[in-house]
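As structure tokens, the structure follows; a few thoughts come after it.
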């Protein structure tokens, strides 16, 4: 693990080690002894991921180089490679990158000599989100074996759907998908089921966000809730002990009824809390591989 | 004091305690022992208030989560409530919020489990500014009893005029107002006097900013200075020991002559300096109420 | 040295002292004992300079007030003077300023009571960049005497060309210039030579950036490389031990061939690394003059 770029690069053992490390990070924090600099490069809007990394970094005692593309030389046409190479030269010990290209990692990984963490790649990958989702499920059930999962929503444009489905399968869960016709992605090899079937059988409902900012012309979102979303009626029919995940930001009243966002089954804010510890674990483990403790 | 939202919630005793605490913060700083995170959420432009809170927070040893709405999920339509709830979940121990709505606090205070400080609410409230104004007067006169105050300028659109007038009255000062006809607010129950009367009788002149960014079509601002503003001639006629306050940013040559901004009577930059200590005091006192020391 | 505004204010001895101090900063860091605040005011886009100062400041233990003009009272029309004066009042111990005016320093230096470092002034001065360029040459050759330098590129619009040429001459180097006809600046009193002559004779090639953002209508940039830029063929003909500098961001394929940016002669990323130590040295030396250690 030279860089942390994709959930696919992780073995089952890697994942369980990260769960244990995240747990330890929640209980007790041991900051790095040396002064280290983490460069945060977010080329797309983000609250949760960026702030979550910020808290994780500061809890580990890392200094932060907060790179803002709007006030940077990217405005002068600088490439991502030159930007990251510059931050490396200036003293960054680690780079956390979110970028709108699906494959930004490819231009970097060969020539950059500091560890890189993928904090979001176009609509393709968001591995730290996947790991915090998995951690939240693990904390709940202590296993993935034979758990029924359904990923519901805009499968097509989601960067977590793909990696989560594959990782969950690897860990032994039964993965199903559920989506409105225009949100289906048939390149994914998991069975599609309808929403009411999903509600009935699932131990974990992973809702996805309807991404208004990626496709603007979603009409009649209130119909969407009734037909494809998680209403209060559907929540009432979920199995005992079943939980609801959502990567947030939530569109209240679109993919999920407003009143359920913070209901007892919801782990939505728990996911955010877990995200900090998972990111601490990922940073720790990655820097350890580079000989930094 | 679960949250610090309005000067109206403060008793006379609360205010004097804050003055004493602000004084102590100037003399000696005792940072919090635990690593704590303050989330700064500024949805409106700010130099003074934001930077002042930043210095106050760092002097107290707080970590800062600098939330920038322009690069956040607010761009994806996230509500203020969900944004603050997210920051709470991620680990914020305190939220400092400025927002353009007059009543943003109402959507938050019931469901958020961390202390909130109001750093500006629409054109309604700006209680930390009020408290630093009062602190500056207190430092000068050691009392408010029978002091003659006049608040001069755009009373109608000012978020400090209303709260300052009420707080000053509570503390025993005689409050007068002075405004151009279109800047008067007749819902405030204090006598309006003309500028020359104000100059003659006041121990404290509190100038307000002509807020170009709130009402763009102010013509002939140089006439404004002559008719309604603080010229050098008027400054010369002020009482011995009388002082000038202004919340800044100053429009030099509009509400105040350029040459008076840093004159001997002016406490304008002193207010900014005091603002840091007052904000330290407010943070300390509020966190203390939540059991954090 | 009340403020650090221009290379011209530095004697030869000042420069060598800064080289030595920068070297020591690389080897061992001694942070300031007191909590000090550095205000970074960047009114123009910057990656390198701003991030370089950030690392330098944090290595010295300085707290950072990151002033962003886009979310500040500059939006309300506040002048640079009032902004800096405000930051001083709020507690800044040092101001680092980049601004698009050539002469912004003039409005500040008389009335501001904290040290100011010029991090870029219009197209006129960029003294910390000059000093890191000189430091990089010094590290390479341990002397400037009789070294052949050629500054190549957009001399006319460059803020480093002017100050570098003068400083290099002061230090004993032979300075030549090389530019496309429209990029020449005949107010500079150094001989112009052609690119192939420059390649043949120079110990140090200082390339300048073609500043797209300052003059948009540069057509046929690939012709530019062939006619005026540093191609691989030209690089092959450089003297043994000769080096290439560039202030970056680089326009790969315009003023320099893509494949040379990180070649063995290139000190482009070394310059960035050196920039951190040079800026630490400048901050240290300046604060020392103000009695702060």
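Indices start at 1 and increase along the chain as displayed.
From the backbone N, Cα and C atoms, a Cβ is placed for every residue, glycine too.
Since we're looking at a predicted model, the values are computed, not measured.
The feature domain 'Aspartate/ornithine carbamoyltransferase carbamoyl-P binding' is assigned by TrEMBL to A:2-139.
Residues or ranges marked as carbamoyl phosphate binding site in TrEMBL: A:48, A:49, A:98, A:126, A:129, A:248, A:249. Residue A:126 (carbamoyl phosphate binding site) falls outside any helix or strand according to DSSP and counts as coil.
Around the Cβ of residue A:159 (L-aspartate binding site), a 10 Å sphere holds 22 further Cβ atoms from the protein chains shown. Annotation source TrEMBL lists L-aspartate binding site at A:76, A:159, A:209.
Per TrEMBL, domain 'Aspartate/ornithine carbamoyltransferase Asp/Orn-binding' is recorded for A:145-284.
Taking residue A:248 (carbamoyl phosphate binding site) as the reference point, the binding-site residues whose C-alpha atoms are within 10 Å of its C-alpha, out of A:76, A:159, A:209, are A:209.
According to DSSP, the secondary structure content of the domain 'Aspartate/ornithine carbamoyltransferase carbamoyl-P binding' (A:2-139) in residues is 66 helix, 25 strand, 47 coil. A distance below 8 A between C-beta atoms marks A:48 as the binding-site residues from A:48, A:126, A:129 lying next to chain B. Checking the binding-site residues A:48, A:49, A:76, A:129, A:249 against chain C with a Cβ-Cβ cut-off of under 8 Å leaves A:76.
The binding-site residues listed here are A:48, A:76; among them, A:48 has the most other Cβ atoms within 10 Å of its own Cβ.
DSSP assigns residue A:159 (L-aspartate binding site) to a helical segment in the three-state reduction. Within the model, the domain 'Aspartate/ornithine carbamoyltransferase carbamoyl-P binding' (A:2-139) carries an average pLDDT of 93.
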